[in-house]
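According to TrEMBL, the features are:
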DOMAIN    43-413  domain 'G-protein coupled receptors family 1 profile'
REGION    322-347  region 'Disordered'
TRANSMEM  26-51  transmembrane segment
TRANSMEM  63-85  transmembrane segment
TRANSMEM  100-121  transmembrane segment
TRANSMEM  142-165  transmembrane segment
TRANSMEM  258-278  transmembrane segment
TRANSMEM  368-392  transmembrane segment
TRANSMEM  398-416  transmembrane segment
Amino acid sequence: MANVTTLLAPDITNHEGGSQPSRAELYAVMVILSFLSVLGTGGNAMVLYVFARKRDRFVSTLFILALAFVDFITCLVVMPFTIYMEYVDYEVGYDIVCKIYLFLITSNIPFSALTMAAIAVDRYFCICHPFLHAITLQRARVIIVSLMMFAGVLGIVVSLMHGVYDEIPKNGTAGSIDDSLSTSGVGLGLQLFNLTRSTAAHNQSLLLSPGYAYANVTTAASSHSQSLTPQVFIVFTGHCVTNELVLGSDFQWYYQKFYTSMYLVCLIVVVVLYIMIYKSVLFRRTQRQKQKNKSLYLIEVAKGNATQEDGHTEHMLLGEMKDASNGSRKSREGSGKPNGGMTDGEIERTILKKSKEKVRMANLKTAAMLFVVTVVFIVTFTPAFLMALQLMPYNMTVFYMYFANNVANPLIYSFMNKNFRDDLRKLFS
């Protein structure tokens, strides 16, 4: 069987370039994952509670809720499931348990990566093109649901690549099959499910689950001299590993390339968009600084021209300015106009300008916070990504540190979101 390693679902029989984890390392990982599970479950539960109660829903709020929900499920279900699978060394008695685990562990990470890319796109439009309104609340909901469905399909495909059964194609006698079983490490006494396709009498469906047996079951105790027709034997190994019962090695190879390229595309999109956001913010800041410097320059020029006049002229100018100021004040008091005599249109424009500036600063703060979330995801996930591709030696402790990403987000929100901190104080007060 071609050994095709699935990302974040490493073949436990193949840790090439790395040593097998010791029991001490296993127990250390179990303690770490237990701590992360408890901390992450509580933290993400608070994030869900705080942001779900907000009445002023923004697009960024929806994305934060989506990430928090996935992180909550990961900490509550996937981490304890991983602890169990590592403890039993992936030896499970039921194929469905193996497939459910692979589905969970390989669908949450793609969803997080795709959501990070969607967040980067949203922040780009909010900051660089604020008047386009490209991603509305309704569109954000559609995007989130679509990403969930796509990640679910990815998880289903990976689960079909794994199982507790394996096939041994063999043309010959049962004795040679026994030898094959011995050399393959399966051992004797395992049930062999005979899929003889050349005989119509055996054209029945195979039930690949413990407790069921095919009509023609051949065991290691069969006569070694009996000749067998061309057949494929499905062996219950009890180990949750990759197999080719449903999807062949060619499909798995192409799927792994697609899976890898998806992460690389998400990474490139995120990096490019945040660079463009930074350049846009830097450009606007430079433009505002130039306008400010120009205004200061004009004021200095005006002051310089005034100091060149003789003292009498300067005294007269100051007197005229004082009279004009007093007259303007009296005029405002007489007319009863508030706000320095500004018209309603001027007041509206001033308020609108301040409101736009406030929204712009809020978008920048949100972008900075979500950028940190993305950086933490990349940093924690990259080692596991490289190990799954066998570009780094396998180390169990380092590999499972990608789960720290699911715990870090509530801490990031606490440090970088004042409103979130205030809501937490109200929650515990």
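Note: Cβ is positioned from N, Cα and C throughout, glycine not excepted.
Where the annotation comes from TrEMBL, it is an automatic prediction and has not been curated.
Since the structure is predicted, the reported quantities are computational estimates derived from the model, not experimental observations.
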The transmembrane segment (368-392) and the transmembrane segment (142-165) contact flag, 3+ Cβ pairs under 8 angstroms:
no
Report, as numbers and ranges, every residue of the chain located at least six residues beyond the transmembrane segment (258-278) whose Cβ falls under 8 Å of a Cβ in that stretch; write 'none' if there are none.
6-7, 110, 113-114, 116-117, 120-121, 123-124, 127-128, 154, 367, 371, 374, 378, 385, 389
Sort out for me which stretch, of 26-51, 100-121, 142-165, 398-416, has the most Cβ pairs below 8 angstroms to the transmembrane segment (63-85).
26-51
Could you please provide the mean pLDDT value for the domain 'G-protein coupled receptors family 1 profile' (43-413)?
72
Are there residues at least six beyond either end of the transmembrane segment (26-51) with Cβ under 8 Å to its Cβ atoms? List them, or say none.
61, 64-65, 68-69, 71-72, 74-76, 79-80, 82-83, 86-87, 396-397, 400, 403-404, 406-407, 409-411, 413, 420, 423-424, 427
